[in-house]
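Copied over from TrEMBL, here are the features:
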DOMAIN    7-305  domain 'Acyltransferase 3'
TRANSMEM  20-40  transmembrane segment
TRANSMEM  52-71  transmembrane segment
TRANSMEM  91-112  transmembrane segment
TRANSMEM  124-145  transmembrane segment
TRANSMEM  157-176  transmembrane segment
TRANSMEM  188-210  transmembrane segment
TRANSMEM  222-240  transmembrane segment
TRANSMEM  252-275  transmembrane segment
TRANSMEM  287-309  transmembrane segment
Amino acid sequence: MVARNYGFDLSQGLTPNAYFYYLGTFSIPLFFMMNGYFLLNKPQLDYGYVGKKIISMLVIVSFWTLLYWLVKWGGGSEVHNPLRNMLAALVQRGYFFQFWFFGSLMIIYVMLPPLHRWFQSYRLLLSSSLGFLLIGTLIQALNVVLPSSLVPLQGQVIQTFRLWTWLAYYLLGGLLGRSEFLQAIGGWVKSFAGLVGLGLLVLPVILFTICREVFHLPYAEYFYDSLLIKILVVPIFIIFMRLELPDRYRPIITLTSSLTTGIFILHVHLINLLSRFWDLTQFPNSLLAIPVVFLVSGLLSFLIAHLPFCKRLITF
């Protein structure tokens, strides 16, 4: 697996690099919530639609892993079976380890048509969402009391298969598309807006401390089950969905949204490439790298999307 470049060391204390890294913990939960928000609230959803989406994801994974295989093979490096590389990527192994996200999403998509039918019932959707959220919260609580050799518990399961976590956020996204739920929590979000802002400011400090003192690992992935993340991600999602921008900005938002998958695929490798020429462990280099990587990833994704027959390589 390609080493994930964090740009900080737990032993050095809370650096700006660490602060911004843990502030980004919300990104993966928001991915799953957004997908659940739109698909669980579609009027109709069948296996024809799901099958097309799964095929599109497999096309993306196959192309990028095969491209890397060809580059390695052409350079005379030792290579494995390309099919093995593709399957490895879906379980967070190999060069494109970030494709675990597609692996998880495909598992959820296989279950999606019956989930869509069952969760037409608001009560069933609400109780199931709370159930999965509770499971993850209990697992996270156990990390505090179990022996260090077992902590974090989530590390015993490949990220692709942590379905209690991904279904919790997926169903929560579907729940946030229901007017009954929004009416029930709308007042709470407004009343505690200040506390939410404060929570965002102090959260990276809390996560860093837990990583250093409890997990002894830097990975933000072990906080997706955290109750703090679950509490804060709801108002963040609501604010984002209710955000009203002038019409002149809408084309920019639409374009950026269409390039999200491409940015997700490319950003890890651009960070690794950039770190060879630029010390990302130093501030403000790490802060400047954020817009640079985002813009370059976006530009490359835009160019790929406008090549003949290539749009499917970065969208699903």
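Yeah, the Cβs are placed from backbone N, Cα and C, and that goes for glycine too.
Owing to the predicted nature of the structure, the values given are computational and were not obtained by experimental measurement.
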Pairs of Cβ atoms less than 8 Å apart decide it: which stretch in 20-40, 91-112, 252-275, 287-309 has the most with the transmembrane segment (52-71)?
91-112
Answer with yes or no whether the transmembrane segment (222-240) touches the transmembrane segment (91-112) by the criterion of at least three Cβ pairs under 8 A, sequence separation 6 or more.
no
I'm checking region-level scores; what's the whole-number mean pLDDT for the domain 'Acyltransferase 3' (7-305)?
87
Please tell me whether the transmembrane segment (188-210) and the transmembrane segment (252-275) touch - that is, whether there are at least 3 C-beta pairs under 8 Å between them, with each pair 6 or more apart in sequence.
no
So what's near the transmembrane segment (157-176) in sequence-distant terms, Cβ-Cβ under 8 Å and 6+ beyond its ends?
29, 32-41, 90-92, 100, 103-105, 107-108, 119, 125-126, 128-129, 132-133, 135-136, 139, 182, 221, 224-225, 230, 233-234, 237-238, 241
